[in-house]
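Listed features, source Swiss-Prot:
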type	residues	note
ACT_SITE	259	active site, proton acceptor
ACT_SITE	274	active site, proton acceptor
ACT_SITE	822	active site, for EPSP synthase activity
ACT_SITE	1166	active site, proton acceptor
ACT_SITE	1195	active site, schiff-base intermediate with substrate
BINDING	44-46, 82-85, 113-115, 118, 138-139, 160, 178-181, 189	NAD(+) binding site
BINDING	129, 145, 151, 161, 193-196, 249, 263-267, 270, 286, 355	7-phospho-2-dehydro-3-deoxy-D-arabino-heptonate binding site
BINDING	193, 270, 286	Zn(2+) binding site
BINDING	866, 867, 868, 869, 870, 871, 872, 873	ATP binding site
REGION	1-383	region '3-dehydroquinate synthase'
REGION	859-1049	region 'Shikimate kinase'
REGION	1050-1261	region '3-dehydroquinase'
REGION	1274-1545	region 'Shikimate dehydrogenase'
């Protein structure tokens, strides 16, 4: 068929050509019939990669010499994607055409998908006031939609396709061969337009599409190695579906070229679909959104009484059959869009700017049936009806407008429908089933029968009739799980069917599964009965419930089968229907008490007779049935009567509102027990009931006069008890209630319906109580019904929803009913009946939608999970210290309090019982400690489904569930030495392998904690972890530097061997870039370990970068899944920055960006070629994309081939100021750009093995160059005080300057006169960078500064003066930082509320020591001085909560106190007072654990107090440490550089 060209006429020209492998035809046709001096081929880079452009170029080059000598061809390639369909790209194309001298005879070929077709068509429409062009669509969507009809456009930031023109192409060449290289998802995406077009215009083609869906998906999913597909077996179908779709659009366009009305019909599904797309783009594709929109617009048609429920069901199933989503809630849509919400108000706003609208009036294309629209144009619709269709909650308003009479035909009986499908599939021959219920339940049954190859299924009468051609009971196993949702009937019937399934060559079993509720519902008695009769059935999860694994080939032995049927009659019907296919006749005996719902068993027996098998009841044994062997013979036609359970709702409506309702096709001859509802329930309550053999009419009494029923046994119609309950709720008699019995089976339906009804009636102010096998309802006057404040919860149960909707319209104000879509199980159109037949006003409602913007954690509790020995207990306390006011609750400790020692409990009981109790404790703790608590859990909490559900619910409720982990080998070593905890049953590595994915799914943050070998490493880790906690809780969101800053680019393949270098390498940088692509491994564990090593060594913010090959890195360009996995891991690890390459697919970019939480996103783009100059449109397009993604920082890197490239970059920078911008050029000529870049310049370091990019400089080099260029001024710094001759400060700060290439100076200014310092050094000195203040001026200088930091105010002394401009100065105190960091680095542990500190001395530094110890968490501080009176002044200076105790005698020391930290601030070179030594010795003897003493004096190297402390087991820290640490803080305050390297003075 490759040589056959089909031509379609549009606007009276045969200009649409459809065929296969048409390149030669296309070029020959153009050259023969369209003369031009210049043929311009325009496409995108994706089409170039596939070789399509070159094919056309070669063909032109072959034919031009003979066909058009003297003509030329030009090619232009644009970047792919919707982001490039804009004014800038259009202008660049036009500039190119002008530069090449193109004139009005230019002929353009637009080769590509919809983006290319739309944009290049618009170029053709406007270039030289319009030139000729052809559309050569390469995607299915473009072939059947955008290429046809002459619509051309570009996008703007305010919306898609807002600027464009109608400009008809000379040709549209549709070469179906292009589809061989179309990715699967794009193929399926295009099918949305195909199905939509058939739905509005061509029912015959729609029916054909329905039959081809399975073949279609099978072929397009069978991919070659290069991801292409062989369409040979499907070629005719593909060409036909393309042709038929094109013919419809061509006909419509011919009749209405400029969209006067008829052409609106092509927008079926687009009014709502475009609104959804505007929110979910780019993760959701156009066709996917149109599919969802079409289903919703069809539901709108049904809601308005225009379209039949069967037609909606067909449309729904057809879209779904082609792999398209049919709901925003679709799991794949949710996954792809990261759960992005589509708020109804936003959708309506988006719909308000639809081009079809008339001003503010919205218009939607409505269907009247498959293949025909309601009007020859879009129809007006109101927001109320749209709001209803778009939401899953409904506000039911009053019933005051109810008609006096109504006729309602409920959908087919669910019970009969499911039985008829099973019997027809078991039978032989064709059976036309009419009035089948089209619902979720029957859909699951149809799918299951088809999956097991039990029958061929087709549709007649526009889908109203289901044609089942049974295979005589020959079912075949399938390797795919059969998912049954919450369809209890289907699950029970199919369990017996699965027992008679035959194996195929690949599969020897059938797996039946369902949703979470289905996996709780009972099926045990049926399984027991089948097992005893030879079936091999295995429970895969919970004993007694789905999922089941049923071995094929065993069949049923037959003979006597005993079955307990007190819970469900469906067990009985299931066995009965399959019994004829047993190896011998079956005698089925029901045991264990009176069976439930025997009328349904009678129904089954009657239906079996209709299909040729007669069951006889035993005359000697009760509840026993004899089933002969045989085969069902299908009747030619079987009509399903309407569902009697569903009929109870409109009949009850009449009863409760005093109106008349007739059900025309259910009467006394019905097979269904619920048909007796009107006679047995409503009539005794005061209704007039007329029932014939085939119809039922109810006339309700005057509203409010219903009578209660003292006792009614509803065992024959248990499902109808909910309807009876709501009628009883307004049967008002203070002396009488209504008791309904015989309904105990309703406790194990979709929910516990008895409990549900009691709970929900209470919301209306109606009291009800539970009976042993029923419910008692105490009715009230309907005028006194309350409006449920939080609405009616339906438990996802169709019968709860429909029954309570009857009560809702009688309440005093509108009632909210949640999860209204659950009625789709049996009556999808129930709300339509309320609205159109009963004239009830309904309004859609939506709960407040949480935004995706990251929210601060505030007081929400944090749950910590992870393996044993991961550091949960230790780090939980760090969390509590970080988040002031939080406490720690360890669930292992709670367990011990309740049940005793864990090891003993497991030994005496079992691991299973331990896990059960653990889950109960967790549930209780999550409820009782929901605020201000860190909840540390046991390592195995993720082992059980119950606990996992709890953890996932915590995440849904906005809590942080933090997974802590450390290197597993270190864990093995630690646990092998720990004898206090129960031994693992399995090896630790095996436990980790089993749990690691469970931890992943149950946590929203992850922290990897490598082994700390030194106290400094542990200090750094705790500091970093504290910052991590502050960040993920929103307490300290990383701020983007607003001045000169840099990040160092690591180029190691593994950080472990070089970890000791990391502190030095990151010195002075504002961030450190982990180049993930350069690492030797890319698994999550290795990457997490690398992050952990970084956090062990430095607290510098981390930039996580995956640089792909095309962007100058090593990561494979097309490994999108791995890229997304690792980027998501980075966000879960809470890194400060993530680099997102703007060349990645837009859907991936948007997905990652939407999950950012508190991580900052850097949108980057690199050009290594040097050919993309700074005036190239590519930079502009990438910048617009970055803005659209709302990245936090934009990073563009070009390549300089001349110095002028740097000045072009600066010009680009000056014009693009919307976001912080990193802009540099690579290469030797681009070095100057690195000097002039301000924010986060990438730098290298001399200790790195290589630089990350050509021309990269060190931080020192950049500062030196910047200073030489005059970019920074030289500042003068001083230390002031007396004596300072031996001060180490000048040496310290000069070390800093040298490290960072700064030209500043640091000198001594010795004086004890504060006024002299101010007048001679500070006042009017523009060169002053700052002053370090030492004794005796720390207090005296306070009056010479304009402001004080909080610490300086609290301490009452300063040691740092910082100029802030305009002759103003801030006073700060960094001594306390020096003290705090020195103690921390030495491993000093301070436990809030229990730690005790000591300060020796009474000078200015002692104040800083008091402040430091208090900030660290000391609850009591002792002070000791040779002159105790001086200490009173200090004590009085600080607030009382500092809890300062002056030690002037031994009596002042509490015997119970243990000291954790001490600071000596007395001069180190002066003798100590005997009294002081005596008291100090006593205090030093009262140490706790690893107590640390810091000596503030750094001369001499070892002071007497250090010696005293050391001799008593204290760890002592020399004063030089404090000097360095406070100096580092001073240097940071003055220059903005954080010095992190080790310094010895």
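Cβ coordinates come from backbone N, Cα and C, glycine included.
Annotated features, which come from Swiss-Prot, shown on the structure.
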{"residue": "82", "record": "NAD(+) binding site", "Cβ neighbours (10 Å)": "19"}
{"residue": "85", "record": "NAD(+) binding site", "Cβ neighbours (10 Å)": "23"}
{"residue": "866", "record": "ATP binding site", "Cβ neighbours (10 Å)": "27"}
{"residue": "869", "record": "ATP binding site", "Cβ neighbours (10 Å)": "20"}
{"residue": "870", "record": "ATP binding site", "Cβ neighbours (10 Å)": "25"}
{"residue": "871", "record": "ATP binding site", "Cβ neighbours (10 Å)": "20"}
{"residue": "872", "record": "ATP binding site", "Cβ neighbours (10 Å)": "27"}
{"residue": "873", "record": "ATP binding site", "Cβ neighbours (10 Å)": "15"}
{"residue": "1166", "record": "active site, proton acceptor", "Cβ neighbours (10 Å)": "23"}
{"residue": "1195", "record": "active site, schiff-base intermediate with substrate", "Cβ neighbours (10 Å)": "26"}
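Taking only the Cα positions, the spacing between residue 263 (7-phospho-2-dehydro-3-deoxy-D-arabino-heptonate binding site) and residue 270 (Zn(2+) binding site) is 13 angstrom. If you take the C-beta of residue 161 (7-phospho-2-dehydro-3-deoxy-D-arabino-heptonate binding site) and look for same-chain residues 6 or more apart in sequence within under 8 angstroms, you find 118, 151, 153, 154, 155. The Cα atom of the residue listed as 'active site, schiff-base intermediate with substrate' lies nearest to that of 129, taking the binding-site residues 129, 266, 869 as the candidates. Secondary structure from DSSP puts residue 44 (NAD(+) binding site) in a beta strand. For residue 85 (NAD(+) binding site), the spatially nearest entry among the binding-site residues 195, 286, 870, 872, 873 is 286, judged by CA separation. A straight line from the CA of residue 286 (7-phospho-2-dehydro-3-deoxy-D-arabino-heptonate binding site) to the CA of residue 1166 (active site, proton acceptor) spans 29 Å. The Zn(2+) site, placed at the center of the C-beta atoms of 193, 270, 286, has further neighbours from the same chain whose C-beta lies within 8 angstroms: 141, 145, 192, 196, 269, 273, 274, 287, 289, 290.
Residue 270 (Zn(2+) binding site) and residue 822 (active site, for EPSP synthase activity) are 26 Å apart (CA-CA, integer value). Of the candidate recorded positions, 195, 866, 1166, the one lying closest to residue 139 (NAD(+) binding site) when CA atoms are compared is 195.
Residue with the densest Cβ environment among the recorded positions 44, 193, 259: 193, by other Cβ atoms within 10 Å. Most buried of the binding-site residues 270, 286, 868, judged by other Cβ atoms within 10 Å, is 270. Most Cβ neighbours within 10 Å among the recorded positions 129, 263, 274: this distinction goes to 274. Around the Cβ of residue 266 (7-phospho-2-dehydro-3-deoxy-D-arabino-heptonate binding site), the number of neighbouring Cβ atoms within 10 Å comes to 23. If you take the C-beta of residue 179 (NAD(+) binding site) and look for same-chain residues 6 or more apart in sequence within under 8 angstroms, you find 139, 140, 187, 229, 231, 238.
Looking at the region '3-dehydroquinate synthase' (1-383) alone, the prediction's average pLDDT is 93.
Residue 871 (ATP binding site) and residue 1166 (active site, proton acceptor) have their C-alpha atoms 41 Å apart, to the nearest angstrom. In this view, the densest Cβ surroundings among the recorded positions 115, 195, 822, 867 belong to 195, judged by other Cβ atoms lying within 10 Å.
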